[in-house]
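Since the structure comes first, as structure tokens, the remarks are kept for the end.
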Amino acid sequence: MGVKTMLPSYELGFYALTVTCAVVYSGSGIFEASRDSMNRKAFRDGIKPGWHYFGRKMDVADFEWVMWFTSFRNVIVFALSGHVLFGKICSMTVPQHRAVVYMLYGILAVLGSMGLTYLMIILSHCLVLYSVALAKQKWLCYAAGLCCLASFKVEPFSSWQSGFVTGAFDLQDVLFYGGSGFTIMRCMSFALESSERKEGIYSIFDLLKYNFYLPFFFFGPVMTFDQFHAQVSTRELRRKDDEMRNIRIHALLHLGAIVAVDIFFHFFYILTLPSDLKFMNRLSDWSL
């Protein structure tokens with residue numbers, strides 16, 4: 001039995017007002033604690049100079065955020081720009097092969113960033129789950145996918161797989177587990193869609209085109225295989241009404257979110273403050 005009606009608007013408004021007041025009051029305490037502790041010796045490694053026109057230092061304890069917007073920023077822009085450029089050229093010349101171009105570019109990007117052995121690990125998981133999909137049993141697809149995911153958390157399989165990746169750089173573990181986990185989830189989607197197909201099964205080439213689509217590879221979002229296959233199989237490329245407008249709106253929203261988080265790190269040191277337990281003991285319960 002589903003929910004038939006919504007709560008009254010005045011009740012929802014009261015809840016929203018209560019939560020907003022609580023967050024603002026708690027945030028004011030964190031803001032004061034951040035302002036007063038800016039120059040503490042214990043926080044010297046976590047708080048560094050940021051945007052000078054703010055007049056405040058920046059919390060840099062989130063190393064992933066710092067890496068994405070310093071050393072990895074140019075790599076991301078270069079890789080995605082190439083994806084868009086080659087995809088556009090292919091769409092204008094041979095649109096029926098654009099999925100192949102996306103796949104080849106994605107494979108080369110993964111190869112260049114993570115190495116050949118990591119690429120072999122990804123391909124082995126794709127091959128295993130494709131083989132399972134041939135049986136056309138949903139329960140078997142789920143079981144195999146969960147076992148593949150568990151292999152990155154259970155010893156000795158976890159160390160054995162991560163040991164194949166040579167070298168070391170910032171965010172290597174994030175890219176390793178992100179790409180591996182989302183690969184298995186995509187393979188599960190492919191296997192489930194193949195199980196429901198009445199005639200035959202999708203080819204492993206379809207799986208590779210789906211998995212190595214670069215914008216989704218390392219971190220998603222997860223577009224299910226049926227949606228992806230329907231889009232890349234369309235030969236007549238037509239721009240939908242207001243499509244560019246929606247792209248601009250989403251781009252501005254993402255840019256706004258990035259700027260908002262960066263500003264947040266200038267005024268609320270929520271990642272660095274917990275490193276000093278003596279200082280935390282002096283904070284109010286609302287700040288904690």
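Here the Cβ of each residue, glycine as well, is placed from N, Cα and C on the backbone.
The following features are taken from TrEMBL:
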TRANSMEM  12-31  transmembrane segment
TRANSMEM  65-87  transmembrane segment
TRANSMEM  99-131  transmembrane segment
TRANSMEM  212-230  transmembrane segment
TRANSMEM  251-271  transmembrane segment
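Among 65-87, 99-131, 251-271, 99-131 has the largest number of CB pairs under 8 A with the transmembrane segment (212-230). Using a Cβ-Cβ cut-off under 8 Å and counting only residues 6 or more beyond its ends in the same chain, the transmembrane segment (99-131) has close neighbours at 75, 79, 82-83, 86-87, 90, 141, 144-145, 148, 161, 164-167, 172, 175-176, 179-180, 183-184, 187-188, 190-191, 204, 207-209, 211-214, 217, 232-233. Long-range contacts of the transmembrane segment (65-87) within the same chain: residues 98, 101-102, 105-106, 109, 113, 170-171, 214-215, 261-262, 265, each at least 6 residues beyond the stretch ends and with a Cβ under 8 Å from a Cβ of the stretch.
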